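Presented below is the structure to which this report refers.
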Amino acid sequence: MATWMNINLQDANSSTMEQLTMFHDHTLMILTMITSIVTFIMVSMTTNTLINRYLLEGQTIEFIWTTIPAITLIFIALPSLHLLYLIDEINNPEMTLKVIGHQWYWSYEYSDFKNIEFDSYMKPTNELMNNEFRLLEVDNRVLLPMNKQIRILITAADVLHSWAIPSLGVKIDATPGRLNQGSIKINRPGILFGQCSEICGANHSFMPIVIESVPIKNFLKWINKSLSS
C-alpha cells in the first residue's frame, strides 16, 4: 500500500504490475538520458565562444537529430503496445467477481457461487481498530484466492466510478449501462488497498477498496461459511 513520504511505486502483487514497473523504469532511463544530453548541449552553447561563419547547412547533423528521436520513440512504443494488449487479455478465468459502483460504496457478487453478495462501505473513524487505516478500511473485505486467474466484471448504478488497485496494476472504469471487464492474478497473500479513481460526487474520496488475498483452502472455507450462513 502507499505509505507516508513514499515517492516510489507500490510493491507489485501481480505480474501485470511487475511489467508496468519495468516499463516505468525503462521509460525513466530513456528520459534521464535525453535530459542529460539536452542539458549538456545547452550548457555547451552558453559557454562556448567559438563560431562558424561559413556553416550554411548540415545534412549529416539533421539526419542524426531526426533519426535518433524516431528510434527512441520506437523503443518506448513497442513495450507500451505489448503492455496494452497484455492488460486486455483474459485467459481462461477460474472465477468471476462482479463489481457495481454506487454513490458512495461498492457492491460485490461472486457469480460462481449462489447467494454470495454484499456491499462494502468505508469504516468511519470512530469504528476503526488500532491496526486499521483511516479512510482505507471497509466493513466487508473482498476475499480472493491467490495464484488464480480472476475475471472482474464491473459496472455502475448511478454515475461514473473507477475500480483501481495500484499494487495489482488494475484500473477499470465503472460506467452506467456498460459492462467492462478486466483480469487479475494475485501472486502473494496479503491485504491490498485501492480507491475509486473517477470523481463521482461529494464523497468520492470515501470509496475505498480492500482485497484480502488468501490461499485457495482458506478461500473455499470462507465460501462454505458464507453459503451456510
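Counting begins at 1 with the first residue displayed.
Backbone N, Cα and C atoms are what each Cβ position is placed from, and that goes for glycine too.
Pulled from Swiss-Prot, these are the features on record:
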type	residues	note
TOPO_DOM	1-26	topological domain 'Mitochondrial intermembrane'
TRANSMEM	27-48	transmembrane segment
TOPO_DOM	49-62	topological domain 'Mitochondrial matrix'
TRANSMEM	63-82	transmembrane segment
TOPO_DOM	83-229	topological domain 'Mitochondrial intermembrane'
BINDING	H161, C196, C200, M207	Cu cation A1 binding site
BINDING	C196, E198, C200, H204	Cu cation A2 binding site
BINDING	E198	Mg(2+) binding site
Around the Cβ of E198 (Cu cation A2 binding site), the count of other Cβ atoms that are within 10 Å: 18
Helix, strand and coil residues within the topological domain 'Mitochondrial intermembrane' (83-229) as assigned by DSSP: 28 helix, 62 strand, 57 coil
Remote residues contacting the topological domain 'Mitochondrial intermembrane' (1-26) - C-beta distance under 8 A, at least 6 residues beyond either end: 76, 79-80, 83, 86-87, 133, 136, 166-170, 184-188, 190-193, 213
The one of C196, C200, M207 whose CB sees the fewest other CB atoms within 10 Å, among these binding-site residues: C200
Per-residue Cβ crowding (10 Å cut-off), top of binding-site residues H161, H204: H161
Other same-chain residues whose Cβ falls within 8 Å of the Cβ centroid of H161, C196, C200, M207, the recorded Cu cation A1 site, in sequence order: G101, Q103, W104, W106, S162, A174, Q195, S197, E198, G201, H204
Residue distribution over DSSP helix, strand and coil in the topological domain 'Mitochondrial intermembrane' (1-26): 12 helix, 1 strand, 13 coil
